[in-house]
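Novice: Pasting a structure here, questions to come.
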């Protein structure tokens with residue numbers, strides 16, 4: 001009997017051709033916020049491949065290059081003759097203009113970066129319901145001098161003659177500003193105008209439709225085979241566990257490797273939650289002593305990560321062999337992971353990796369290449385915010401859905417320098433106080449991450465009538481949308497005072513608390 005072909009996955013309604021923009025991922029997210037499915041693909045994607053996908057609209061992203069430079073990234077110019085609506089953003093607009101016979105040069109007046117009010121010159125489908133003089137986000141050093149035949153100017157700014165252009169007959173549009181950036185006041189209006197009014201997309205990309213399409217597909221893919229999932233307790237692996245449990249039930253086995261670097265009470269919470277409350281089979285692997293022994297005397301942060309990664313691999317291999325055999329490995333790969341695997345490694349039709357490889361455990365290191373698993377990656381086309389919505393629809397509680405991101409190596413990289421039981425206990429208690437007070441203040445869901453860091457130095461203090469010499473704790477709280485950039489959170493002084501007082505009074509070997517007010521960039525969120 002011939003093997004059944006897997007049901008074809010849905011094609012994107014909007015295809016985003018990436019020219020190296022830092023915002024390409026953000027464009028896709030904004031379109032999905034409008035309940036329209038979008039994918040990012042390489043600018044090398046051919047017209048034939050685009051025709052096979054048959055999107056309702058195409059967006060050409062921005063990029064760091066200038067279109068008149070040698071070796072500037074291009075796309076197949078035949079896309080402009082497909083009759084598919086196209087929106088060029090910044091570099092994408094300039095490329096469209098140049099390819100169709102217009103002229104792009106370095107900005108005559110001056111480059112334009114940051115907020116700029118746009119002046120609307122005429123009515124257009126693209127700028128419908130966008131207020132005149134509204135603020136948009138600019139980031140360009142080139143300008144359009146002459147438009148191709150058939151185009152008109154529909155908007156300008158003080159320094160940019162062509163802030164938005166239109167060729168209504170050919171359904172080609174361009175904006176010099178970035179509508180996807182939150183600083184653009186009516187940016188989402190522009191995106192919706194293109195997606196709905198111009199490209200005629202339907203708002204049919206929802207959590208419900210994702211589940212309706214994905215659960216039968218998982219059942220069909222797995223059949224009666226066994227699936228192994230390395231459970232970390234984060235939102236990605238937890239959502240995946242619930243999704244797979246709903247699809248295949250007892251054919252799923254979760255493996256939770258406790259390496260001893262988790263936050264206070266988390267291993268116990270996870271086992272109680274998954275195994276006992278929701279009856280999802282979890283194999284608990286206590287490898288605490290094994291991991292900490294390997295880190296004895298190690299101070300270099302990269303070496304710590306590598307050691308934890310290697311040991312994770314060894315434990316995973318040993319336990320999967322003991323519990324197996326398994327035919328499938330489930331991974332919480334998300335769409336940003338797929339995008340980062342980049343360009344020629346992506347199938348332009350599906351946005352999936354062509355050469356399937358096992359994803360690196362978050363911040364820890366990859367699993368062995370010779371593990372003979374087939375992959376189950378049902379979240380690979382979702383962004384983090386979409387995963388949270390799926391988790392909520394599947395019944396995951398807020399304790400997991402809204403949990404702050406936590407690095408794979410855990411507290412081992414929040415202890416600067418060498419790691420010991422004493423330092424782990426100290427940091428674990430301090431970190432719990434930080435999160436406890438942030439929650440009591442009603443700030444937890446407004447902050448991307450809030451945690452404690454233990455420094456490898458000691459400071460002088462006075463407690464009672466005695467001189468102390470103990471560790472300082474760093475309080476790190478940041479606000480962010482995606483972790484790519486972050487700003488330090490403005491925590492009320494009263495909350496900071498409570499955190500500091502509790503830590504120095506309740507945590508042994510700590511006599512000082514300092515507050516990190518560094519943004520990313522230049523700093524990173526984690527200290528190691």
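Backbone N, Cα and C define each Cβ position, glycine as well.
Got these off Swiss-Prot a minute ago, pasting:
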- 90: active site, nucleophile (ACT_SITE)
- 178: active site (ACT_SITE)
- 180: active site (ACT_SITE)
- 232, 233, 234, 235, 236, 237, 238: ATP binding site (BINDING)
- 13-204: domain 'Glutamine amidotransferase type-1' (DOMAIN)
- 205-403: domain 'GMPS ATP-PPase' (DOMAIN)
Novice: What is the one among the recorded positions 180, 236 whose Cβ has the most other Cβ atoms less than or equal to 10 Å away?
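Specialist: Most Cβ neighbours within 10 Å: 180.
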Novice: Counting distance between Cα atoms, which of the binding-site residues 233, 236, 238 is nearest residue 180 (active site)?
Specialist: 236
Novice: Once the chains shown are all counted, how many other Cβ atoms turn up within 10 Å of the Cβ of residue 232 (ATP binding site)?
Specialist: 21
Novice: Express the distance between the Cα positions of the residue listed as 'active site, nucleophile' and residue 178 (active site) as a whole number of Å.
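Specialist: Cα of the residue listed as 'active site, nucleophile' to Cα of residue 178 (active site) measures 7 Å after rounding.
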Novice: From the Cα of residue 178 (active site) across to the Cα of residue 232 (ATP binding site), what is the distance in angstrom?
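Specialist: For residue 232 (ATP binding site) versus residue 178 (active site), the Cα atoms are 37 Å apart.
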Novice: Are there any residues at least 6 positions away along the chain from residue 238 (ATP binding site) with a Cβ closer than 8 Å to its Cβ? List them or say none.
Specialist: 231, 274, 391, 396, 400
Novice: Work out the three-state DSSP category of residue 237 (ATP binding site).
Specialist: helix
Novice: Looking only at Cβ atoms, how many others are within 10 Å of the one on residue 233 (ATP binding site)?
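Specialist: Around the Cβ of residue 233 (ATP binding site), 21 other Cβ atoms lie within 10 Å.
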Novice: Hey, how far is residue 234 (ATP binding site) from residue 178 (active site), Cα to Cα, in Å?
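Specialist: That comes out at 32 Å between the alpha carbons.
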Novice: To see if you understand the setup: which same-chain residues, six or more apart in sequence, place their Cβ under 8 Å from that of residue 237 (ATP binding site)?
Specialist: 229, 230, 231, 332
Novice: With the ATP site defined by 232, 233, 234, 235, 236, 237, 238, which remaining residues of that chain have Cβ atoms positioned within 8 Å of the Cβ centroid?
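Specialist: After dropping the recorded site residues, what remains is 231, 239, 240, 332, 400, 403.
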Novice: Hey, what's the Cβ neighbour count for residue 178 (active site) at 10 Å?
Specialist: 25
Novice: I'd like the number of other C-beta atoms within 10 A of the C-beta of residue 235 (ATP binding site), please.
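Specialist: Taking all protein chains shown, residue 235 (ATP binding site) has 22 Cβ neighbours within 10 Å.
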Novice: Do you know offhand how many angstrom separate residue 236 (ATP binding site) and residue 178 (active site) by C-alpha?
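Specialist: If we compare the Cα positions of residue 236 (ATP binding site) and residue 178 (active site), the gap is 30 Å.
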